[in-house]
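> According to TrEMBL, the protein carries these features:
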- 17-93: domain 'P5B-type ATPase N-terminal' (DOMAIN)
- 224-340: domain 'P-type ATPase A' (DOMAIN)
- 33-53: transmembrane segment (TRANSMEM)
- 164-181: transmembrane segment (TRANSMEM)
- 187-206: transmembrane segment (TRANSMEM)
- 360-377: transmembrane segment (TRANSMEM)
- 389-415: transmembrane segment (TRANSMEM)
- 922-945: transmembrane segment (TRANSMEM)
Amino acid sequence: MSYKKLDDPKVSVELDEELGIQMESYRGEKLHFAGFVFLSFASFCILPIICYWRPEYYCWIACIRTSNADAEIILVKEKDYSLCRVQQEQIRYIEYKNKRFVYSDSYKYFKRTDAILKDLTPEHIHSLATGKSAEASKKELLLNGKNRIHIKDTPIMQMILEKCIHPFYIFQMASVIIWFIEGYATYSSLILFMSITSILWEVWTAKDNENKLRKLTEHSAQYNALRDGCIQIVNSEDLVIGDVLFLETKDMESQIPCDLILIHGECLTDESSLTGETVPILKTPLPPVGDAVNVDKDKNHILFGGSNILQLKPKKYNNSDCVMAVVMSTGFYTSKGKLFDTILNPHEIDFKFNRDASKFMSVLGVVAIVAFLNRAINSFIEGMNAFDALIASVDLITIAVPPALPLILTVGIGISVQRLAKLRIFCIDPARLNFAGRLDIMCWDKTGTLTVSSLSFIGVDRQPTFGTLESGVDFRTVSDDYVLEKFMLVCHGVTKQNGSYLGHSLDIEMFTKTGWNIKEIEHETVQLGNDTFPLVIELGNNSVSNSSVYILKRFGFDTHLQRSSVISYHSAMVLHTKGSPEAIRAICIPESIPDTYDQLVSQYSIEGYYVIACAAKRISLESTQFRSLKRDDLEHGLHFCGFLLFQNPLKEQTYDTFTALKEADIRPVIITGDNALTAIHVARQLDLCKHAMLIDATGNSVYYHKVPSERTVKSGDIHSYTTVKQDVNFIPNVMEEYPLMEFCMTGKALKTLLANKEDDLLAKLIPKVRIFSRTKPDQKTWIVECLIEKNFYVGMCGDGTNDCGALKAAHVGLALSSAEASIVAPFTSADKKIEDIVELVKEGRCALETSFMAFKYMTLYPIIQLMMAATLNQIGGGLSNNEFLFDDMCIVTILALLSLYTTPNDNLSSTKPTDNLLHPHVVSSILGQIALCILFFAINLTSLVNQPWFCSIKTATSYLNNSYLPVNASLGPKNYPCYP
């Protein structure tokens, strides 16, 4: 957190450089406030309305600048100004965008308080196990606020008032008053009714969304917290960072109240509603030593707020069984809170339709002003009194703005969202639906999204017969610690609950193939020789004598390290490690790596196999060393043992979904953490690439080479893979020479190019890459954001934790999650069907096209009506009350509302709806309709004038005064020349 005090000797101005906000201090002053009140009355309450939307004007007029110590109001400047009133509750603070800033006497400014434990080492975290004092907890609660994700319950009347003082509705109210004065009682009453209906509809929609969000955040439960050296019952809202909780079975009935770091015992959690992860996650205690705790790196030790506990596995602590956790963050600083913060305070995503709509309304305003001036001048020439002339002229301006436009646009989106809900596609951000109609690129996670969630075991390729795929394996004996069967038996994160196995699909598939089982254990330790070791699980096989295998410690799969490890014991203590071929090779003894290692990895990957490399070494540890074990101290110098091979077939719907997207001119892009060649195999199955070029890196050097086809590999020419590696700077030339070539980039190559600041090259590459492989979660987010910066409309579909950032960053994020209330993305497929993206695009296009149609129709009619009214006024005529009524109701509003129920097309075409209201097609359509109306109006008017019985208003009133009475009564019938 970085603060900077701007130079100003009289007042306090602070800059929070991390958030990019500036804070200015003000306090009320009687004379200034009296001036504000006077100006408010003098402006007929226009000034307060302006100040509501532009709070800086209120501060500048009604307040005076002051120091932070005396401040009553803080004016926060980010992109726009916001007014925050200083609150006094033993401390002085303000709250801005769910963050609390507390005034510090020592710093003399309002300092942000972060309700999160940051940059703490495991040693420090474990030292908190003694708990907090009640006094320290009270102070912490005062500084950081309640542990809750507070969604403000805005009063209905306040919401209605905010809508009523919106410039559009203020204009509508002024129009209604003018129409009442002119005698259009029925018409003005109808417009008033429509405006009220529109306001109530918008308020109801906003309130409904607010209530839905609040329902997702409401949480109140009692927890056992260690305070003042004893266990106390504490409400979840009163928990503070550093609190120590003892989790019990009753805590499984509600969601975890905040982010917790597990320090003792184990938990099995369900994070589906929070991250979309469909597989239960085993959480293990934080090691007592290591680097500073990091949410991404240590997520296997963190219980995330908003997830659910499925199973507790207590361990002995001070002569009792318990599961202990330390509160890491509370409120909006939890992972769940941050997700809601992005919903409540989203980054503004520019949509051309909105910008063009403002321009279009400005054009209408200019046309209306021209008509107003023309009418005012003619009224003056005709000798009308000032009031009548003003009313008649302003009347033309009121015609220019369609009163039902907000209602039509709001209802249109709502109808599409309701249709999606019937398909079990749920939406928490309806504004994003229009983006779905303009998608250019659709990004996909691979495993579990394009492919089925489970993997099928195919066989092994082992030492010393390396290069031979064996489909038959023998699990009857595991006496050899280096056989691949032993890895399948022990190297996994599978647990057992109520007779069922839980864990990652690969681990479950691997373990169940062994035929062994997880025993029910009554003890947390096991006696091995003369020492007693902690016991995680015990494995057994009733058909094998002396079959007990003990798992003493697990190091879960780390996305950054791309590997997992276990310490097991059968006849000796052994470290078994499995992971990606690249990660395992890096920690193995070079002499144990076969010469054909890389070639075989490439061969198996190109053929579509999921390759898991395995390595092991015997170790000798004492039980006292287990508590301080670090995986980095163990995972080196291993002996490579071979590969486990799996298949991960495509879902049945994947091919048809991609075919539909390609026909709709939406470019599919795969972003996966898997091997590049495996991803290329999937892309070839989906007809995404016939010829592929792989961009990879070694050290600080980035290179590219052509990927051979599966036919080439199956012919036995493995060496064709080792084609000449070219410098990546030649890629632009390859793009020009081979326009049909598809590119695959690894996460390592991306990281190297970013580190080397190859911005120009990346700008050319990123939009052309079809497959991003071995990408980390933050790289997925960066890729999506980069594509958006290139002015593409980008979608993302994923099913797990690693996709959360990308799902939020995309214009359209679709999470495959069984939880209807998932907040990981704007859209959720509750049936976890990838073909739902096709339905989403259909509805998006329908909603966008409907919005365009409604906008064109609702703006076209006031233009035509304005020209017609102006022309009739020019010749002394005008529309009656009933004509206005028929025009607005029958011709406009009813037809526009009915058109909103238009359903999407059954198939997607390559033609997308435009997002440009000023597009030649749109403008020509509007101008064409205006031209037709002018033509037919001119024909009718000309035909009327040329009738023998026609008598103009000018002729009819030539002998009458402004009250339509004869100027000279003695002329008799001659005063009425049209009635001989």
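Easy rule for this one: first residue shown is 1, then count along the chain.
Cβ atoms here come from the backbone N, Cα and C positions, even for glycine.
Quick one: how deep are these features, and who are their neighbours?
Away from its own ends, the transmembrane segment (33-53) comes close to residues 61-63, 165, 170 of its chain (Cβ-Cβ under 8 Å, at least six residues beyond either end).
Listed by sequence, the residues of this chain that lie at least six past the ends of the transmembrane segment (187-206) yet keep a Cβ under 8 A from its Cβ atoms are 156, 159-160, 163-164, 169, 172-173, 175-176, 179-180, 403-404, 406-407, 410-411, 414, 881, 884-885, 888-889, 893.
Proximity of distant same-chain residues to the transmembrane segment (360-377), defined by a Cβ-Cβ separation under 8 Å and at least 6 residues beyond the stretch ends, is recorded for 389-390, 392-394, 396-397, 399-401, 855, 859, 862-863, 866-867, 870, 873, 917-918.
Residues of the same chain lying 6 or more positions beyond the ends of the transmembrane segment (922-945) and with a Cβ under 8 Å from any Cβ of it are 852, 856, 859-860, 863-864, 867-868, 871, 914, 916, 952.
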> Counting only residues 6 or more past its boundaries, what in the same chain has a CB within less than 8 Å of a CB in the transmembrane segment (389-415)?
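Distant contacts of the transmembrane segment (389-415): 168, 171-172, 174-175, 178-179, 181-182, 191, 194-195, 197-198, 201-202, 205, 361, 364-365, 367-369, 371-373, 375-376, 379-380, 430-431, 433-434, 847, 850-851, 854-855, 858-859, 861-863, 865-866, 869-870, 873, 888, 892-893, 896-897, 900-901.
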> What are the DSSP helix/strand/coil residue counts across the domain 'P5B-type ATPase N-terminal' (17-93)?
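The composition, in the requested order, is 32 helix, 27 strand, 18 coil.
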